[in-house]
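A.B. asks: Input: one structure, supplied below.
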Amino acid sequence: MDPSDQKLFTVVDFVIFGVLLAASLGIGLYHALSGGRQRTTQEFLMADRSMKCLPVSLSLIASFQSAVAIIGVPAEIYTHGTQYWFIGCAYILGLLIPAHVFIPILYRLRLSSAYQYLELRFSKPVRICGTLTFIFQMVIYMGVCVYTPAFALNAVTGFELWGTVLATGLVCTLYTTIGGLKAVIWTDVFQTLVMFAGQLAVIVVGVQKTGGVSEVWRKVWEGNRISALDLNPDPTERHTFWTLGVGGVFLMLSLYGVNQAQVQRYLSARTEKDAVRSCYMVFPSLQLALALSCVMGLVMFACYCGEDHSSKLGTASRDAMVISFVMDMLQGLPGLPGLFIACLFSAALSTISSAFNSLATVTMEDLIKPHFPAMTEARATLLSKALAMSYGLLCLAMAYLTHLMGDSVLQVALKIFGMVGGPILGLFCLGIFFPWANSTGALAGLGAGLAVAFWVGIGSIVTRSSGTKSRAQHGVACFPTVRFYSLSYMWYSAFNCSTVILIGLIISFLTGPMKAEDVTPGTVYPLLGKLLCFLPERHKKKLCGVTPQVQTVRSRAAPRIVKLLVFPNNFWDSPTFLFFTRGTSTECILVSGVVAFAL
């Protein structure tokens, strides 16, 4: 089989692909016309906080399992073997920690934007800086997500590349704008099923055409594509168990712990228990998605025996070989090529729509509403929809920048999350785990983290393009700085997160640690208190965190004793919240300020 032969869609393929787009638009239209018809920001941005754990969990998978993973992971396995598969080990802590630390804190505060936490914990400038950093990260990442499936459709249909990019962006923008978060989540559910079906179809047909499971195993074993456990501690090694299993934990935390696209799904759940349960349900599904992508790469290797067909495809990208392989395997089977391209577009649409909705949310809640507190609900909802549409159009421009990058789409995507997501993770960890960290330390830490991130990231690009690595391999002296630029991209998130925490703590101590009574109750997780459980209680309170300001009063409505928690007046210029706790339920009223909510 010759990968250079162009394989085009049949009528059946176009029908299946068209059904995918029509179904996605239909779900958006349904939610635009049902329920509250997206007339409030609470419904449009937060799905009325009414979602059950199953659709939330499938939506969490779809947001992460983008077209980047479906194309990038098989290309990685084909080229370098199964070492990347060890990133599955990082999924354990990468999901357990959000489930038991981040979700309870953020959910109980009843936030719409994760970055509202930063104002509660630190100050408004920290919140704004965190929001702008997230917007920068997601706008760049959207370009990768839009470009990848458009590139695939161009390869198999002959459609103009940029016409395909435009179609992808517009379809996604439309159903996100009219249907809100409910439409995004339910299209994610549908698209997740399409993703799994498309990958499974390629694997089954590929194994059959290659000669069966035993033949595939023989070829990948003889081709040295089954990687052993690599315990090399060198952080400049691209993929080892430590870079994937440990560095991957920080990457997962930046995705599933503090990324607004994921946090917004937790916050849309009916209860905290549903939010935590949805995080647990993600684990087996992510492992399945990873396994399907890795097996697809092995089948591809068994089929092509490791040959490099990139020159025949007119590109140096191994990502193009994945598309060629799919069309080789599925040629003569009407409908299956369309199913796989629909799979790619499903992954892309789910990720992009999540980004649009989360970007609209943080822009509205963090940058606009605080300055226009008197804005009517109707106007706020209309503006939220306009923001979602604007970000949709912006991502089309970012797709062009992706076209100019030389790395594989998988590596580009993970670099983006490491370089920008790492500092954001560090900012949240600084606030959650270190009660004495102050606002000045948080701003200094974030600035230092971003500076180091771009220093290392850009330095690695420059040194690679100038051939420094090649000179080192030929015996030319390699300076320590150059070696620093060779840091594995899987360590970016951990390194940048640690930089934020270290600088943040140093500056906090130099400028005066935050006092316990100044920390908003409910914003700190007593990590050190749990680790130092052997200390007397009075010492733990000094070292390890703060406790809510609790007063015991007798409720007029019920004879039982209730607890009164008074939050300090440092949130949005203002509000004081009274929490009345009866048994296991909690009620909240607003004494002064502009916002009220119930837990």
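Along the chain as shown, the residues are counted starting at 1.
Every residue gets a Cβ built from N, Cα and C, even glycine.
Just so you know, TrEMBL annotations never went through curation; they're auto-generated.
Note that the coordinates shown come from a computational prediction; the quantities given were computed from them, not determined experimentally.
Taken from TrEMBL, the feature transmembrane segment applies to 12-33, 53-73, 85-107, 128-153, 159-178, 185-207, 239-258, 279-302, 339-362, 382-401, 413-434, 489-510 (among others).
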A.B. asks: Counting CB pairs under 8 Å, which listed stretch among 12-33, 185-207, 339-362 touches the transmembrane segment (279-302) the most?
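C.D. replies: Result: 185-207.
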A.B. asks: So are the transmembrane segment (339-362) and the transmembrane segment (185-207) touching or not, going by 3+ C-beta pairs under 8 A with a sequence gap of 6 or more?
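C.D. replies: Counting Cβ pairs under 8 Å, at least 3, so yes.
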A.B. asks: Between the transmembrane segment (128-153) and the transmembrane segment (489-510), are there three or more CB pairs that fall under 8 A, provided the residues in each pair are separated by 6 or more in sequence?
C.D. replies: no
A.B. asks: State the non-local partners of the transmembrane segment (239-258) in its own chain: residues 6+ outside its ends, Cβ under 8 Å from one of its Cβ atoms.
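C.D. replies: 60, 64, 80, 83-84, 86-87, 89-91, 93-95, 97-98, 101-102, 114, 229-233, 279, 282, 414, 417-418, 421-422, 424-425, 428, 488, 490-494, 497.
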A.B. asks: Looking only at residues six or more beyond either end of the transmembrane segment (185-207), which have a C-beta under 8 A from one in the stretch?
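C.D. replies: Tertiary neighbours of the transmembrane segment (185-207) are 20, 23-24, 27-28, 31, 47, 51, 55-56, 58-59, 61-63, 65, 70, 175, 179, 213, 216, 265, 268, 285, 288-289, 292-293, 295-296, 299-300, 302-303, 325-326, 329-330, 333, 336, 339-344, 346-347, 349-350, 353-354.
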